[in-house]
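Peer 1: Got a structure for you, written out below as structure tokens; questions coming shortly.
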Amino acid sequence: MKKSMMSLLLMLLFAHTSWAAPVKLSTASQTAQKFLQQYGKQLKSTNAAYAPRMNAQGSQTTAPYYVFNSKDGNGFVIVSGDDRTSEILGYSTTGSFDINKLSANMRSFMDGMAKEISLLDKYQANNTAKAPAQMKARTPIEPLVKTVWNQDAPYNDLCPDDPYNTSVKLPTGCVATAMAQVMYKHQWPSTVTNTIPPYTTRVYENTGKYGESKYKTISVEGVPADTKIDWANIVPIYNSQTPAEKNKAVAELMIYVGRAVKMGYDRDVNGGSGASGYHIATALNKYFNYNASTILRTEYSLDEFENRLYNEMAAARPVVFCGQSAGGGHAFVIDGYDGKGYFHVNWGWGGDSDGYFKIAILNPGSTAGIGASSTSDGYAMGQSATIGISPNTSGNPVALLLQPEIKRASKAGNSITYTMSNFNRERVTVETGLGKIENDGSVTPVSDISNLGVNPSYLMKKTVKITGLTTAGVFKVTPIQRPAGSTGRWYYDPYMYATVTTSSTGQTVELRFEDYGDFKQLKASNFELTSGGIVGKMNNVNVTVKNTADHEVHTTVYLIYETTNNAGQTAKQLHSQVPATVPAKSSVVLPMSFYADKVGQHNISLCITEDYQNFQSLGGAKVTVVKAPAKESLSYSYTLKGANNITIYGNRIEGTVTIKNKGNEAYHEKLTVARANTSNQYDQTFGASKEVSLNPGESTTIDFEFNNCAYSKHVIVVTYNNPSSGTGIKSGSYKYATLKKGFIVYNGDGSRQGYAPAATVTVPAEAAAVDLRGIEFTTVEPNSNPNTLYYVDAAKASAAGLPAQNVVAGEKATKVVLTDGNDFYCPATFIADEISYTRKFDKASDGKTNYEGLYIPFTPTSIMDGAKALAWQTKDGEAKDFFLMQYAGSNANKLNFVYADETFNGNIPYLMAVPQALVGKNITFGAKNVKIVDNATRFCSADNNHFVFTGVSSKKTLAENDYALSADAKFFELKPAAIVDAFRAYIIGHDGLDKLEILFNGDFVTGINGINNNDTEVKTVYDLQGRRLPAEAATKKGVYIINGKKVVVK
């Protein structure tokens, strides 16, 4: 399908056929540029994979997010289209983003982001200054999974044949690929633990065309116990040269895993093979002897959920993550962390789109504005994670358990109702009841205990009365279970509980559990058509949904569109769906869409359903559909960066196309910029896209970028897609450019420019690196920056003018010397035989003041004052040479720094200070035979989800929410536009606080032994997740927000 689409584009290009037919983009491109500069990349182009929100008309139309590809073809960044989310939603330092080559996983993820961001419309969620809750710092963790596996050959070589085309194998399924990659990391077990039973499954001919009416049933064989897993022949990367035995080994692993989760093998046209995410943990437990369990995003606050994921990364345990979107569910691997709030995702599509992403992007961060969430939980959309994946080396089998979920809590009945679901492939019987979570993490039964047996794929509901709370207090009560007949530990989820408040006589005063799925409390109104309402197109409508409950409600809503056929019969059609989270006693606006099939008035309604058959309306309205406007009249003008007439030096085409509506009617259409090599009919690419809405006389721009282009003549065009005729090219949108080989100059911020080859290469003054590889030259005229790197071919290592140091010949540098105060930029990784960085400190410190930010792009093995080796203090009372502090977390507007570990880690920022004896001295940090990592993949931060402590290797102009270190190092102060010097550090925030106080070694937690009610009346009590508690909670040990202040009750 991809080839036919590309061929169509090519035919249109060479036939010269003419075809008829709201963060603004400019701001987003600036944000992307600033973000990727620290990785040495320039990213400007909006890519084709964003879903337009259409919340404004004309040239001010915005999108829920924008994707910008790196100029060098190695990386992309996703920028939010709404300033109430994090600016950067995800990024990758490898590959480029091509909507036509996206995996189903990635496409679903992008679709989910568009839906979630669009939910912010009309929230009135202000970004007012506030003090965030206490959070510990998280440092970078490199990706744990080294595989880049896929779902096709050789991975599916042993999967069932497509019954409609036996020459084709069905795909492995994303669940199997994700699980297999995690298992390969552990390379456990050596054999299948228990027999995997056979089963049958349906393969549908084409669900889009026939629904589920046409299918064939296939039989999937079982796998005997003790079947060998051939880890020795499985490799992390496969290609066309991989030996047959290695292909066979990974294909065997895939079918073992697929059969263990009872994979529903299916055709690509139907979305591919699929399995329930709930079967992942049970399959790992039963058939592969792993410890594993599943957690749901909806059961946790955002901080708790991300902390659990990070803890898994820190324990070297990759997570199999499942997400749901309107397009279906997908599974992938979370296996790393970048130190800035982004988790590394291995999408399981051969490495395509792998990169760093926000786990929960829909988190406005405000509970103050009208319509904002009443909790700090953020907005989870069908996410679950299989955690704790590790080999079970205990010698005992993993206990088969049920999945609990609290449904209701009744004060009148003093009871809790919960369900127990069985996702195992056999009947499971457990002892179950209610337990009180103790301070030490154990549980004590507080109800009658009874046996409960549940068949596979079924659930049972229980209502259990609380009987074991006999003293005053506030308690967490949760469902507990253990295998029937055992006397071992009780299993429970520490984050899923009801809060029970009891009096001195043990009587229940309050019993609270918030049912986030109580959709009966929702009402829909104010259906606002935000696009043209044009026949034959998808149209957008915003719907206001009000929550009448006193707690948040989270569900999925569906837009039903009514149409009339030729016989006059009315038919209701489901046209769109989105996940919705509506705060207590508040309203939100949800973006929905429908396809208008004919001109006239149509009924639309917003509905919910529990069984996907019976839909209950929350409210409805009439919309008017009109005919399409007359033929448009558009003009196109191009600006190509770095072009001399039509010649560009380098392998990148970057520029902007300006589109103006010269007609008399409004114009609405999605346009895509494309490129084709005029000398090679197979070399063509679709690039940046934009949903364009222009009133007469208005203009808009699309930034584009094409990387790794051949040195040849290329043509740039603007394309569109018609549902009936396919891809077309806009008349008059052609622009030609000829690419020629040149040398590349990089500035300290990562921006780059190509130049024509010359015998004498004069390096620009602002350059921090120059890449002369593959270029013929005789002489180099260096610039004045002593840190500039010179990349040359090995044969050119002794070219005239090259300095004696900082020359990278091939992939190696003999000596690199870094001088403080000058920009340093590394565009390509290399090995340095010897490297050093020298710094002077001008102020003396007693360990509490006069710190400076310090960032070094390598791990030093020596720190010297001349010939004297220096060491830093690592604990109180220790007499060492200097002070080194690492970021440990935040509490409100206070930042906590603690003694650095005994190992100095490169690419991590620190605060450093020296005593009087070292003031003014040259302190040299050095290392030998060390890898210097390119800026694109270098980690340089530590974060705690509220603040990011980040280092820089070149001068940095701070942005709106950036904080610079004060002169006395007692604060980080909000200073947009301030300059931070190279090899220093600063704080990235998002809360608008004027300054952040620096405290050292745990000073920020103030303990109290109790509360004297004669001195302080306890008016409000909250836990650290923002949940309000009864005043009696302040008498129980724990950490609380009491009367607006954080206290520790001991």
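Using the three backbone atoms N, Cα and C, a Cβ is placed for every residue, glycine included.
Sharing the record's features from TrEMBL:
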- 1-20: signal peptide (SIGNAL)
- 20-117: domain 'Spi protease inhibitor' (DOMAIN)
- Cys174: active site, nucleophile (ACT_SITE)
- His330: active site, proton acceptor (ACT_SITE)
Peer 1: So how many other Cβ atoms are close to the residue listed as 'active site, proton acceptor', meaning within 10 Å of its Cβ?
Peer 2: 27
Peer 1: Could you round the CA separation between His330 (active site, proton acceptor) and Cys174 (active site, nucleophile) to a whole angstrom and send it over?
Peer 2: 6
Peer 1: Could you check what DSSP calls the residue listed as 'active site, nucleophile' once collapsed to helix, strand or coil?
Peer 2: helix
Peer 1: Note the mean pLDDT of the domain 'Spi protease inhibitor' (20-117), expressed as a whole number.
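Peer 2: Taking every residue in the domain 'Spi protease inhibitor' (20-117) and averaging pLDDT yields 58.
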Peer 1: Tell me the coarse DSSP state (helix, strand, coil) of His330 (active site, proton acceptor).
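Peer 2: Once the DSSP labels are grouped into three classes, His330 (active site, proton acceptor) ends up as strand.
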